[in-house]
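J.: One structure follows; several queries about it will come next.
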Amino acid sequence: MWRSVIAGCGSYLPANKVTNANLAERVETTDAWIRERTGILVRHFAAEGEKTSDLAMAAARAALADAGVDAAEVDLIVLATATPDQTFPATATRVQAGLGCRPGAPAFDIQAVCSGFLYALSVADALIKAGQARTALVIGAETFSRILDFTDRTTCVLFGDGAGAVVLRATPSTGDGGERGILSTHLHADGRHHDLLYVDGGPSSTGTVGHLRMQGREVFRHAVTNLYEVVLEALAANGLQADAIDWVVPHQANQRILDGTAKKLGIDPAKVISTIALHANTSAASVPLALCEARRDGRIQPGQLILLEAMGGGFTWGSALVRL
C-alpha cells in the first residue's frame with residue numbers, strides 16, 4: 001500500500017501589490033471598510049501578459065527545488081484553477097511542457113473554485129495509492145483579477161492572484177499510526193447553491209469570460225456550517241479530537257469565516273494559519289500558499305498534524321488531514 005507524502009512546497013505571488021488605498025482610487029471604498037469586513041490589507045495582481053500557467057510554473061519550480069526533485073521525475077500534474085489560460089487545452093499541459101516534465105505523463109486541470117486544491121490533492125493521492133503515479137505535482141493557481149468587476153466594491157476588494165504547489169511522493173505504508181503523509185481526504189458539493197457564487201459568463205452560455213458574482217451573506221452562512229462539518233468528518237475518520245491538530249490551514253476567504261469556523265470547532269485561533277491580510281482570497285491557490293508560508297517561516301514542522309479545509313463556489317467543500 002502506497003502513501004502520498006508531501007516532499008516539497010512552493011509558492012509564487014506576482015510582483016504587483018495592490019493596497020486597499022489603491023483600490024479606493026478605483027472604486028467607492030476605503031481602507032477601513034475593507035479591513036473591518038475582510039481583514040485584507042493588500043493583494044497581488046498578475047502583470048499584463050502574465051498568465052495562470054506562468055504563476056503555476058513559478059510555484060511548481062519552487063516546490064520541486066524544495067523537494068530536491070527533478071522535473072523529469074514528475075509523472076502526474078493536477079492543476080486546480082478557475083482561471084485557465086484558455087478554454088482548452090488544460091493549463092496543466094502547458095505547465096508540463098514548460099517545466100520539462102516527462103512527456104506522456106498525465107496532466108489535467110480540476111475546477112472546484114476555492115476548493116480546487118483539495119479536490120486536486122485528493123485525486124493525486126488516489127492515483128498514487130493506486131500505483132498509477134510516483135511523483136506528482138499538485139498546483140493551485142489563479143488570476144482572479146481578470147474576472148473581477150471593478151464597479152462592484154463588495155467583490156473586487158476580496159480577491160488576488162497567486163499560486164501554490166506541493167510535490168507528492170509515493171512512499172510505502174508501514175501501517176504505523178505515526179507515519180507521514182495524507183491520512184484522509186473528504187470532498188463534497190451541493191449544486192443547489194450554484195447561483196450564490198459564480199461567474200456570469202462562459203463559452204456555452206454567453207460566449208464571454210464574465211465577471212464574478214457573489215451573495216456574500218449567504219456564502220458566509222454556508223461556509224461556517226460546511227467547514228465545521230467537514231472538519232468533524234476528518235477528525236472522526238481518524239479517531240481524533242480537535243486538540244490533536246497542530247495546525248489548521250483553511251481557505252483564505254475572509255478573516256470572519258476563519259474566526260467563525262475556529263470558534264464553532266473550539267480550536268485555538270492561534271492554531272489557524274491566516275494569510276488573508278497579505279494575500280487576499282486567491283481561490284484555489286490560497287491553501288497551498290498558506291501552507292507553504294507557514295512551513296517556510298517555521299511554524300509548521302515535520303511530524304505535525306495539519307488539517308486543510310476549503311469551501312468554494314458550487315458549492316464545493318472538502319478537507320485533507322496530513323502529517324508532514
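Cβ atoms are placed via backbone N, Cα and C, with glycine included.
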J.: Tell me which range among 27-31, 142-146, 252-256 Swiss-Prot lists as region 'ACP-binding'.
T.: 252-256
J.: Are there residues at least six beyond either end of the region 'ACP-binding' (252-256) with Cβ under 8 Å to its Cβ atoms? List them, or say none.
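T.: Sequence-distant neighbours of the region 'ACP-binding' (252-256): 37-40, 114, 158, 220, 223, 274-277, 279-282, 286-287, 289-290, 311.
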J.: Is it possible to get the count of other C-beta atoms within 10 angstroms of the C-beta of H251 (active site)?
T.: 33
J.: Could you tell me the mean pLDDT the prediction assigns to the region 'ACP-binding' (252-256)?
T.: 95
J.: On the three-state reduction of DSSP, what should I expect for N281 (active site)?
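T.: Assignment for N281 (active site) reads strand.
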J.: Hey, how far is C114 (active site) from H251 (active site), Cα to Cα, in Å?
T.: 7
J.: Provide, as an integer number of angstrom, the distance between the C-alpha atoms of N281 (active site) and H251 (active site).
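T.: Checking the Cα atoms of N281 (active site) and H251 (active site) gives a distance of 8 Å.
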J.: Which three-state DSSP class does H251 (active site) fall into?
T.: coil
